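S.K.: Residues or ranges marked as region 'Disordered' by TrEMBL: 1-48, 1083-1108, 1121-1150. The annotation compositional bias 'Acidic residues' is assigned in TrEMBL to 16-36. Feature annotation from TrEMBL assigns compositional bias 'Basic and acidic residues' to 37-48. Per TrEMBL, domain 'P-type ATPase N-terminal' is recorded for 68-132. Per TrEMBL, the feature transmembrane segment maps to 286-310, 330-355, 849-870, 882-902, 932-956, 968-987, 994-1013, 1043-1066. Look at TrEMBL and you will find D401, K402, T403, E500, F541, K564, R597, T677, G678, D679, R766, K772, N795, D796 tagged as ATP binding site. Residues or ranges marked as active site, 4-aspartylphosphate intermediate by TrEMBL: D401. Taken from TrEMBL, the feature Mg(2+) binding site applies to D401, T403, D792, D796. As annotated by TrEMBL, domain 'P-type ATPase C-terminal' applies to 818-1072.
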Amino acid sequence: STMSRERADSQGSLGPDDEVMPYSDDETDDELDPGSDEERPQVEEAKKSGWRVKANDRAFCNLPEFQKKYFLCLKRSKYAGNGIKTYKYNALTFIPLNLFEQFKRAANLYFLALLILQIIPEITTLPWYTTLVPLVLVLGITAIKDLVDDLVSDSDLLLADILLLSSSNPISLCYVETAELDGETNLKFKMGPKVTDERLQEEDQLAQFDVCEEPNNRLDKFTGTMRWRKDRFPLDLDNMMLRGCRIRNTDECHGLVIFAGADTKIMRNGGKTRFKRTKIDELMNYMVYTIFVILVLLCAGLAIGNTFWYEEVGSKAWYLYDGKDQTASYRGFLSFWGYIIVLNTMVPISLYVSVEVIRLGQSKFINWDLQMYYQEKDTPAKARTTTLNEQLGQIEYIFSDKTGTLTQNIMAFKKCTIAGHTFGKTHLLHPGLTHTPVDFTWNKYADRKFEYLDHSLVACIRSKKDKDTLEFFKLLSLCHTVMVEQKEDELVYQAASPDEGALVTAARNFGFVFLSRTQDTITISEMDQEMTYEVLALLDFNSDRKRMSIILRFPDGRIRLYCKGADTVIYERLSPNSKHKEVTQTALDIFANETLRTLCLCYKDISKQEFDAWAKKHKAASVAMGNREAALDRVYEQIESNLMMIGATAIEDKLQDGVPETIAKLAKADIKIWVLTGDKKETAENIGYSCKLLTDDMQIHYGEDNEILYEKKKKRRRLRLKRLGKRPAAATPQDAAQPIDDWEKETRQVDFVNMACECEAVICCRVTPKQKANVVSLVKKYKKAVTLSIGDGANDVNMIKTADIGVGISGQEGMQAVMSSDYAFAQFRYLERLLLVHGRWSYIRMCKFLRFFFFKNFAFTLVHFWYSFFSGFSAQVAYEDWFITLYNVMYSSLPVLLVGLLDQDVNDKLSRKFPKLYLPGQQGALFNYKNFFISLFHGIFTSLVIFFIPYGAFLQTMGQNGEAPSDYQSLAVVMASSLIFTVNMQISLETSYWTFVNCFAVLCSIAIYFGIMFDIHSAGIHVIFPSTFTFTGVASNALRQPYLWLTIILTVGITLLPVICIQFLYKTIWPSVGDNVQRNRKKYEMEEEEEEKSTPFQRGRRSRRSAYAFSHSRGYADLIASGRSIRRRPATARPNPRDSIREIPQAENI
């Protein structure tokens, strides 16, 4: 049973603002104001923030201090109730709200205004249904899509953020599944505080106590203090079960509701997200505005023409008198609005819906692509957005994480250096010899999957003569935050990172086996001898500290601190008396050159007096509400000093399959690849060579070189200022290190980007998650380039969100990167297919669709313009009303839509074989203002021919039966028929990839046109609706005359002939790369088939490896400190085998 209480809206609380602080581990500069600290004071005094919770005391929340005004003098509780609204519409509000949303779009509002104009009798030139039918179709399709998106289903999720007090499991352990929060399906541990677990197991024991915490949107943090029985206890995220979790394998748990309703963390994450738009989207909008300006200018010109015509001709012709006493200027004014209605089809109403349909189809093709399906993990590629597909064909820069993205993030313990002696011979040293792996059968706890080649290390350990070696592995078995479970007589480790799991597993195989832990103790087996150590403190890892420590009391009473961490932070804290510094540093450099991930190990003996004094400071920091993490870090810093070096570990992380080939292929497509990693420089450089990002013929420039160049530039600037007679700013001692002002900072940024972008490849080492995002922002800002970020862990979320396109790899690091991404798949090598095949095809298809869509609308609409010169500029339409209504909807839409969905210039294999085919997308060559105006002039030419050829043919003509076919209605039919043939044959010329569907669509569009036209022109429908269908018998009369068919053939021929000639000349004289590939397509396809048949079997080659070790995520220290034992009862084993993977990593390494 869960204790709950009343809440109300909490907009007045002092928590972090969701708009300012979106969900991620770090914020980029544009997301978080530098002045706002993410660790804001979290309510030490009730008066300061007013956020307090009290169990079993509902009246407490209704005290005056917790009331706030909401209307005039009326007040209500500031705490939110548990009711929330996760849907946008209901049965009553769907139609009005959805229409309101849709009419925010300028195009829809424009057509609504047109519809209103068409209702005004003095202005209307077209019946209202010519606009209403397309508008209703567009609004209807969009409304259905919005309704489907809004549908939600009920589930068995937790409905509030709850502090876990106790549960039916041992030590108040509770298992939760957080897939709804972070996408991760493996079970997580949550524990009630030790004090409540011991004393609050039954409902009637739930005493009064209060908790302080501000509501915020940080899913990864919770800071609170529990005051109970005159003592204070720290609370953190490991004690909290958040709304959206599912409780698993737990019969019963008790808790206190901390946040309810709109105050819950998951609801606070419902703020605005960064909306990504493609370059084509922006261009398309500008072009629609351009069309609108052209439309207004045309209408203004025709209105002026109508004014002059009426003065010169209309007013003097008795047969044109309409009985209205209107001036020529007023008639011109009415004519302007009349032409706005007539020429409205220049602004394409169905454009946006068609684009959405095409993008949806392209996204489905990505999802359905079996060549991007990873069978080992049953993971298909997933387009998580439908709005960015064509931008995949325009990428100029790729920013990649390394660990887990370029590498497998599956760690193997390979080498170590202990007290100056290096262990770990590999087969590379003696490639001709066959090395036998070490036999671990002497160790009953050994992991059978663990392989090691250096027999001397095992011999050294088993001899028990070298104390340093024993201490080394004892440290590995004790200093960690790994959780252990006993499953079917086997130990199963759950580690916060793959590195942690690899090190503890290595220690296990070498005889130092981590068996179990409680809040106060940790038990290991030291060479078959079980030992229990008292845990006095656990100093957990974070990305700033880059180290973790544990303080233990040995069975003999000694107090010792064990520490492991990155070499950069460990060497700063070593004692001057520490041995093996230089020799260990040499070994670290050798490991880095072999691209192994390194970690330093050290220890420190502490006196009881020193520890007691430090423990008081640690207790105070652990319950601090203001910036608790910083307070703890300062206390940790005091004890982690004067350390003694033991040695270092080296872990191997293999490259993923196909990474070098993918990088080489993308580089040939002129895509620049930047790797952003936390590795040291030497490791980063070696991984660059191993994945073919760097090659031997490249000249490598280092950051120090850039600093020298920058200083030279700055001196040249100062000299230039002196020549101009201006005094440069006085240099301060820290001038070289820190920018003086914003101008200096921006100058440095521009210089950095310019120098880096001149390079073929860039590797940024030792970068933090925030710096990753900043690098992406700089390139976007100063190069105006289309960027793509790819990563697999929580620390890549900012980078993924900042880039134009974010790609998440669903690897070993959970699902946070995938949840924040636009596209997701399981292996880096699939990026090549995503860009060179799907991206390029999507870009080509969208460009071709837009060019043709604009053309067909210009060709259709501008016929009215030419006709106006012969109709006294009277806004008379050139076609029948129903043809205007159905042209864009039924007669010309399907073929061009299918080109946008299915067209491809060359197949997928040739797209990857010739990466240079990708270049037009980067240059934006297939759709720009030049292409737009070509489409405009093509439309003008086509409309000229479609009007003037029939006009000339009808002028002074006699039919074969002696009747003149030169009536207006027959002319309209001939022009409409010519237009339909021209448009559908033109799209046939543009189609590169023919399928049955394309062929059917072209023939079907022409057939539908004639079928509907004959129906609309029939006598039967005229009898029913005499005023609506006025072209009675025109089609059957006109189209039975061969003369008019000859006119249609001539018109279509003259419109298509120049296009065919120009295309032929371009492809013959100035062929593009794509044209050449198309011309030799058959030859290349045969070569591909022969290569596939003749490819010999290749033995697996050893890849160069990757780098620096340690997780950029907190471990399980806080969780461990809040329970007595995590051994499960034998009767309650996990039901799902997928939930008990031997090592389940959950955090990311840069």
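Using N, Cα and C of the backbone, Cβ positions are placed for all residues, glycine too.
TrEMBL: automatically predicted annotations, no manual curation.
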S.K.: Go through F541, R766, D792, N795, our binding-site residues, and report the one whose Cβ sees the most other Cβ atoms within 10 Å.
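M.R.: That would be D792, with the highest Cβ count within 10 Å.
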S.K.: Please check if the transmembrane segment (1043-1066) comes into contact with the transmembrane segment (932-956), where contact means 3 or more CB pairs closer than 8 Å and the residues in each pair are separated by 6 or more positions.
M.R.: yes
S.K.: Does the transmembrane segment (849-870) come close to the transmembrane segment (286-310), meaning at least 3 CB pairs under 8 Å for residues 6 or more apart?
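M.R.: The transmembrane segment (849-870) and the transmembrane segment (286-310): touching, yes.
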S.K.: Between the stretches 330-355, 849-870, 932-956, 968-987, which wins on the count of C-beta pairs under 8 angstroms to the transmembrane segment (994-1013)?
M.R.: 968-987
S.K.: Does the transmembrane segment (330-355) reach the transmembrane segment (968-987), going by 3 or more CB pairs under 8 Å (6 or more apart in sequence)?
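M.R.: The transmembrane segment (968-987) and the transmembrane segment (330-355): touching, no.
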S.K.: Work through the binding-site residues one by one (D401, T403, G678, R766) and name whichever has its CA nearest to the CA of D796 (Mg(2+) binding site).
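M.R.: So, spelling it out, the nearest of the binding-site residues is D401.
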S.K.: I need to check the long-range neighbours of the transmembrane segment (968-987): which residues 6 or more away from its ends have a CB within less than 8 Å of a CB in the stretch?
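M.R.: That would be 852, 855-856, 859-860, 863, 878-880, 883, 887, 891-892, 895-896, 899, 942, 946-947, 949-951, 953-954, 1002, 1005-1006, 1009, 1013, 1031, 1034-1035, 1037-1039, 1044, 1047-1048, 1051-1052, 1055-1056, 1059.
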S.K.: What whole-number Å value do you get for the CA-CA distance of G678 (ATP binding site) and D792 (Mg(2+) binding site)?
M.R.: 14
S.K.: Give me the mean pLDDT over the domain 'P-type ATPase N-terminal' (68-132), rounded to a whole number.
M.R.: 74
S.K.: If you count Cβ atoms within 10 Å of each one, which of the binding-site residues D401, D796 comes out on top?
M.R.: D796
S.K.: Quick one: Cα separation, F541 (ATP binding site) versus D792 (Mg(2+) binding site), in Å?
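M.R.: Rounded to a whole number, the Cα-Cα distance is 20 Å.
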S.K.: Among the binding-site residues listed here, T403, R597, G678, which has the most company in the form of other Cβ atoms within 10 Å of its Cβ?
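M.R.: The largest 10 Å Cβ neighbour count belongs to T403.
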S.K.: Using Cα-Cα distances with a 10 Å cut-off, which of the binding-site residues T403, R597, R766 are near D792 (Mg(2+) binding site)?
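M.R.: Matched binding-site residues: T403, sequence order.
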S.K.: Rounded to whole angstrom, what's the largest C-alpha distance between any two of D401, K402, T403, E500, F541, K564, R597, T677, G678, D679, R766, K772, N795, D796, listed as binding ATP?
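M.R.: Max span of the ATP binding residues, Cα based, is 25 Å.
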